[in-house]
Structures are given as structure tokens and as C-alpha cells.
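Under the heading domain 'Teneurin-like YD-shell', TrEMBL lists 10-135, 181-424. Annotated region 'Disordered' per TrEMBL: 455-565, in sequence order. As annotated by TrEMBL, compositional bias 'Low complexity' applies to 481-492. Annotation source TrEMBL lists compositional bias 'Polar residues' at 509-518. The compositional bias 'Basic and acidic residues' feature in TrEMBL is assigned to 520-538.
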Amino acid sequence: LLRTENEHGQRTFSYNRLDQITAVTLTPTEAGQQQHRMQADTVRFEYDRSGWLTAEHAGNGSIRYQRDALGNPTDITLPDGQHLTHLYYGSGHLLQTALDGLTVSEYERDSLHRQIMRTQGQLATYSGYDDDGLLSWQRSLAPGSASVLPGQRPAQQGCVTSRDYYWNNHGEVGTIDDSLRGSVVYSYDRSGYLTGRSGQMYDHDRYYYDKAGNLLDNEGQGPVMNNRLPGCGRDRYGYNEWGELTTRRDQQLEWNAQGQLTRVISGNTETHYGYDALGRRTRKATYGRHTGHTARSRTDFVWEGFRLLQENVQQQGWRTYLYDAEQPYTPVASVTGKGESRQVWYYHTDVTGTPQEVTAADGTLVWAGYIRGFGENAADISNSGAYFHQPLRLPGQYFDDETGLHYNLFRYYAPECGRFVSQDPIGLAGGINLYQYAPNPLSWVDPLGLSGEPIGSENNPFDSSRAARREAMRQAGIPTSQQPISQSQNSSGREYSYETPKPGGGTGLSSVQEQTMDISHPDKPHWEAGQVKTDDFGNPRMNKYGRPQLRNGKGKAYYGKGGCE
């Protein structure tokens, strides 16, 4: 791709000899400048001889990377000159994160390299896993608490935050026992759609869908034409010819020809949004409609790839976000100020990476949300008595208080109805419903606003090889309790053979295979499972690596690089 054009702008792309993008340039048309305040912009990238990214230059500053021999970033120079450093061991397991010499977090891992402890200021957050490798519990303990032995689940009493997870037989979260929110029970239909959420603090939630996966107000609601929901609750919706939401509550929404929200008018205010050449939002500003050109509030954003790195909120200053190494859209901490005025704030997240609480470095709870099933924050339940700026919601989402929408990189999300407010820019590649977020927000994430990713998918892998293997078997209909009839191992990993029932009677051969050297998915280890292809004589067909070939419809599940059995 060299160039894209529309009535509001042109984007051009440049590449190096390895076909890596070196520059993306946005040139707005006169209409784009006048109608949507679009600005010319260029984002440039630099790489080393091995193809690793070494620098990104954008309008709000430059980011530079130093890497170890495995490509792990060891020193990141931020646009404001701060240095973010990472210390690793082994094949790239994060041990410590520091900002300008200040240790932010240190990590401990078990023999499978799963994170079992993270320091969060004066708190230590421990995690435990079940036999399937799924997250079983989380505890944040203050100094002086009893030590936690490996495999031990501490009591919830005395914890600053704590959660226990109970999973059903389909790998879905069935119940979460939370020290702040009580017990929350989730229910699903046969297709894995979230149908109910029963908590102890707020009314029970029921979720209804039509056959296209649209979330409805009630079970008897009529069909949704073109998947354009006419409203949600008391809110009525209107759309333009491109399927973009134009009216919501008292808001009027305006879009440019690139499918980007550029202005929202609400009452006596209007908010303008600006984007860079990659489509990332770099600024937003709210003005009085009849009070001139002075912004009442303004926020500027700095990005690391497609992940929010920094924001500068007017009269509040810069905030830098730090993330989990294994779950790249799960926040670990944010840092405000510099030098002696520097403060570190720690995020406590659930199984999806959604922030549930924030604590100060001394362990004080400064924010706690009550997040409904599809990401809407119903209330701040911290009882701290003070406002704390916490806009992060579902993975990759940023709450805009001026509209109530969540910015989700390439789209905006309406949490009250659990869907996007414009059609998917990648079309049907993101699913047949162009507005759908996910059938189940507890098992799926969509940090880019393009296509939901279930746990175990390429961009949302399991923490362990064992969990991925069992999920691939579940998808293929192979009981995880069944014993294999044979097993082997080669350079790509392990392979297990099973006898399984055939349609119409009799037994056939199924295979469960680990793939660590798949050239179509480099550095993406995963398991595949399914029925074995056979020749005319009933003998297994083998590939060039000496493994049975699998029929179409096979199960597949990914796990994090370095995740062990």
C-alpha cells in the first residue's frame, strides 16, 4: 500500500528494503482543514540491522529503544527525556521495571515462569493458578502481612484488594469473589454470550441478543435493521449514511471521511478531536460554544505504537503509563511529576486486564470502580473522598468524561450498550456484525477497536502451555481427562495421539500438537488439535516433519512466549 485518498485527506506510506514501514504522512485537503481541523502530520520509524524498531518520531515527541540480544527493550527514552528501563532473565521474562532509576515494580515467577508476585509500592500483589493454568486468585498485601507460601491461597481478610476466580467447564468465568464488591455470578448461553451478571451491590443485569449478536434492551425487542441499534434505554440514536452515530442523548457527533470522530456538540460546549498520520488520537479540547477560542480543557496524548504511553491533562501535567510485559494492554502503574514531586500510582486489574482499583505508593486506596458487564463504570466505591483521574477501562479503552464514550483507538465505544458507535474499518474481517465488541467481555478483548480476541487467541494468549493445550483439546472435542495412546516430541514441541469417536460409529485418530516453530506465526507458540487426515487405506497422512496432518475445523490456542507446561 502506497497511498490512500478521500475528500478530507491523503495518506502516503514509505518502506525500507525489508518492507517495514519507515514513514506515514497525512496531508489534509482544504475541506479537511476547514471542516474538521485536520493537521498535516508525519510519523517516522527507525530500525536496526536485525529489523528491530529503534525509534519512533511523531508530532508529540520521539521514543527511542535499546534492546538486548533477544530483542527485548531494556531502555526506552521517552519524549520528555525520562528513561524507562526493564531487567529480564532467561529468554525474556521481566524481572524489574524502573523509571529514571526509581524502581516501579519487581516480579517473582514460578517454575513455569508465570507471575506469582509483583511489588506495587509498599504492597505486594500475589497470584495463583488452577490445574488448567487459569488465574485462580489475586491478593494485595500490606507490609507486615503473613508471608505467602508457593501454592497457598491467603485469606481475603486483611488484604487491600483480593479476588477469587471460579471457572466453568467451558473456560468461562463463573463467579468472582471480591473483597470490595462481594460475590458476582456470571451466566452464559450455549454460544458463550454473556447473558447475566448478578452482584451483591447493584441490581442484577440481564443481557439479551438478537441472532446477529446485537445487545438489546429487552427480550421482545424487534429486529435491528443493518445492525444499527435505534437506541439504548432512554437514549435514541441516529446514524449517517456511513453507519456512524450522529445523535446520542443531547450530543451531535461529526465524522471525517476517514471514519474519525472529530467534533461532539453537547449543550453549550463542543469538543474537538485530532489524530496523527497513523490514526491515533493525539489531542482533544473542549470549548464553550459562544465564548471564543480558548479551550476550557485540553489533553494531549503520546503513543508507543498503538498503546497509550503518556497524556498531558491541562492544569494536571503529564502522566506516564506502564504496562504488563505478558499482557501488553494491562496497566501496571502510572507516574506523575518528576524529581521529588514524582508519584507512582498502581493498578489492580481483573483477569481481562481491566483496572478495578488504584493504590498510592503507600498502599492507600485512591480509586475503585464498579465495572458492569460491558465496561461501564457504575460508581466509584473507594470512599477516598477525593477525585482521582482514572480514565482506563476495558483493555485499550480510555473514558472521555465529556461524552461518556470510550476511545478505543480506531473506534469509539458506548459502554451503556456494549458496542461500537461506528462500523468496523476492517469490514467483515472483524466479524459479520460491524458494531459488535465481543460476545463475552470476560473472555474477549479488543484493544484496537478492530476485532475481538478471545483468551487463547494470537493477540490474547494464555499464560501457560498447559492452558493452551487444554483449550485446543476442548475446541476439538477431545476430553482433557482422556489418556493419549502415544506421545512424541520433535524440535517444534510435543505431540499426543488419541482415539476418539467417529460420526456414525467406530473410532478414529485425533492428534494434539505443539507448534513452536510455525513459520506462518513466528514467535507465537500454540497448540493445535483435531482429527487426523487419512489416505484411502485408513493410514494417517503425515507432514514433512513426521506429524499427522489435521483436518479442517481443528482447535487452536496460543500461549505466551516462554510459557511452560
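Just so you know, glycine gets a Cβ as well, placed from its N, Cα and C.
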Which bits of the chain, at least 6 residues beyond where the compositional bias 'Polar residues' (509-518) starts or stops, bring a Cβ under 8 A of a Cβ in it? 465, 469, 472-473, 476, 478, 484, 491-500, 524-532, 534, 540, 547-548, 550
If one takes Cβ-Cβ under 8 Å and requires six or more residues beyond its ends, the residues near the compositional bias 'Low complexity' (481-492) are 498-499, 512-518, 545-547
Please count the residues of the compositional bias 'Polar residues' (509-518) that DSSP assigns to helix (H, G, I), strand (E, B) and coil. 0 helix, 7 strand, 3 coil
Mean pLDDT, the domain 'Teneurin-like YD-shell' (181-424)? 93
